[in-house]
Amino acid sequence: MIYKLYFAIALCFSLCFDLCIAESYVLDDKVGLGRTFDGIGGLSGGGATSRLLVNYAEPYRSQILDYLFKPNFGASLHILKVEIGGDAQTTDGTEPSHMHYENDENFFRGYEWWLMREAKKRNPNITLIGLPWAFPGWVGHGKNWPYDFPDITASYVVSWILGAKHYHDLNIDYVGIWNERNFDSKYIKLLRYTLDKSGLERVRIIASDNLWQPITYSLCVDQELADAVDVIGAHYPGTTTVIEALKTQKKLWSSEDYSTFNDEVGGGCWARILNQNYVNGLMTATISWNLVASYYEDLPFGRDGLMTAEEPWTGNYVVESPIWITAHTTQFSQPGWTYLQTVGHLVHGGSYVALTDSNGNLTVVIETMTHDHSVCIRPPLLPFNVTAQNVTFQLKGSFALIKELQVWQSRFDFKTKKPFFFKKLSPLKISDGSFTLSLDVDEVYTLTTISTGLKGTYPDPPTSGPFPKVYFDDFNVANPSFSEAPDFADQTGVFEYYINLTDPGPHVFTLRQVVTQMPVTWATDADQTISVIGDYKWQNLTVTCDVFMETVKTGGVFIAARVDKGGQSVRSAKGVFFWVFADGSYKVTNDLVGKTVLAEGLSGTRAYGWHTLTLTVEGQYATGLLNGYPLWKDAVVLGPKNGWAAIGTHSFELAQFDNFAVEAKL
């Protein structure tokens, strides 16, 4: 018994000793500096991740943009990376190309131009990056490969960069190759040549937006390729790099990272990798996929953004924890600052980085995220331990004379569920060139000489609510601000506002599917085009739309309800699809591909004439009207039980839609 008492006392003393004794860390620029900091950013696209953002009414849309881009307000991002739209499915939808066809150029399609302008308006120094996920079909000459004609691909990409400047006064700083797909050395060299020939010497190339290898090996053995590439960009590197990448002396970036549900564990993931991407892997930029979760949440990777803005119909948005975790770094350091060599891991878990502008300013960011509270979506996270600890930082070199540091703290507090983020504490007085902190687990601290930090706020946005049960759009917009109609989320193909000059009647302004050739794809696009809309929970509803086929004999269009899949799974989407064809037939199918037929027959429909389709789904039965008259009824629908409404075409073909309406009971 006495032995046990002595043991207990000794154990308590040991624990107290471990906690009370502060480990010491030196922050010193005399020993030399580390790598130049290039910034923290967000990625819009790859794909259609900002689709719903553009539909927000003011002031809410501007408030969201302020939280993302406005300096000293929210995330204060240094980098905006966007998809160079390629008319193909690239995760959560398609983004339109500026060149659907070889003789076509339109630099006002989509919303990435607008987003870059808004970012630049708030932060003129923001770095802009463009990267293709897919390419229009003509670039590949009918093959699902962009490198057989590298001169065409290079000219296509460069035209996007030139258009950004000519039409929007946007200087693109970096361009990538082909997101997470094979690179081609010949193409990269030709891209560099084409950029230079076009007066774009300042535009730098990132390669290859995939894994560290094989691009690193290729750079080591091909000097001409090495001369063309400025940044090695890796995706989801797990905070580590490879020796060969370090040997190249190139900038190393985590050019896509995070991709994690933006709850507090997601915030913890972001906190850990923002520090440890440099501590472990010497990566000087980290870019979040995605910038803002502004797409239907039931599409793939719902809420995997720095914040959430998925309800333009209510105006509701949520400033999630990753916004404030970002601010711990972005509000107190800028691209061009330099990491100290004295960065690293804390003895009892966690990490610290320090940056300087070489003009006397110092910013230190500390994170103590535990394993289970910082798991990212990928790669797998090996076990590690973090415990409460005291730490002492000794300021050396040019920092020895610092007398005061501003302090900002975030505490996740998974135990009591009372977290707080980006809280300004009292300034820390420095005594004898050192200071001591008591760190708990799952915290983030910033200590800095910069005094301009601010936790920006706006009045609470409107409360959350479902998509309207009664919805109508006649597309009568003479001068639309964007090329796409609100709330429609294209999943294969591109649906654009169209002025139908051949129809002086009620269908002058329509929505038109415009992609006529399978693109060079990134995901597995459907063979049919489809755009979804509404509430994924919808079960019993009526969908009505006027349709106009533009392909004789083989043309076909549909309206649909209960569509259960989008994104990279769109080919396998099920639902209730009501098709009419230009050969005078109709079909009702339980799937997009059209294999499971629920009803079929003659419709008398032809191309180049308007027809009104009405689909009602109630319980296990579906009924269809053509031009207001019953065409088929009581088709048995065993599943799915719920899903979006949709419109689309039988193939990559031109077709128009007008007066789209939904009336849902649930």
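Yeah, the Cβs are placed from backbone N, Cα and C, and that goes for glycine too.
Fair warning: this is a prediction, and the values are worked out from it, not measured in the lab.
According to Swiss-Prot, the features are:
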SIGNAL    1-22  signal peptide
BINDING   Thr91, Trp133, Asn179, Arg378  substrate binding site
CARBOHYD  Asn125  N-linked glycosylation site
ACT_SITE  Glu180  active site, proton donor/acceptor
ACT_SITE  Glu256  active site, nucleophile
DISULFID  Cys269-Cys376  disulfide bond
CARBOHYD  Asn361  N-linked glycosylation site
CARBOHYD  Asn385  N-linked glycosylation site
CARBOHYD  Asn390  N-linked glycosylation site
CARBOHYD  Asn500  N-linked glycosylation site
CARBOHYD  Asn540  N-linked glycosylation site
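Here the CA atom of Asn500 (N-linked glycosylation site) lies 64 Å from the CA atom of Asn385 (N-linked glycosylation site). For the substrate site, whose binding residues are given in the record as Thr91, Trp133, Asn179, Arg378, the maximum C-alpha distance rounds to 20 Å. In sequence order, Tyr258, Thr260, Met369, Ser374, Val375, Cys376, Ile377 are the residues of the chain that are 6 or more apart from Cys269 (disulfide bond) and have a CB within less than 8 Å of its CB. Cα separation, Asn540 (N-linked glycosylation site) to Trp133 (substrate binding site), rounded: 36 Å. Secondary structure at Cys269 (disulfide bond), taken from DSSP and collapsed to helix, strand or coil, is helix.
The two recorded residues, Arg378 (substrate binding site) and Asn500 (N-linked glycosylation site), show a Cα separation of 47 Å.
Checked against Asn500 (N-linked glycosylation site), the recorded positions Trp133, Asn179, Glu180, Glu256 differ in C-alpha distance, with Trp133 being the nearest.
Counting in whole angstrom, Asn361 (N-linked glycosylation site) lies 41 from Thr91 (substrate binding site) by their C-alpha atoms. Checked against Asn125 (N-linked glycosylation site) by C-alpha proximity, the recorded positions Trp133, Asn179, Glu180, Glu256 yield Glu256 as the nearest. When the alpha carbons of Asn179 (substrate binding site) and Glu256 (active site, nucleophile) are compared, the span between them is 10 angstrom. Summarising the environment of Asn540 (N-linked glycosylation site), the number of other Cβ atoms within 10 Å of its Cβ, over all protein chains shown, is 15.
Here the recorded positions are Asn179, Asn390, and the one whose Cβ sees the fewest other Cβ atoms within 10 Å is Asn390. Annotation for Glu256 (active site, nucleophile): spatial neighbours Leu43, Gly46, Asn179, Asp209, Gly233, His235, Tyr236, Ile287, Trp289, criterion Cβ-Cβ under 8 Å with sequence separation of six or more. The two recorded residues, Glu180 (active site, proton donor/acceptor) and Trp133 (substrate binding site), have Cα atoms 8 Å apart.
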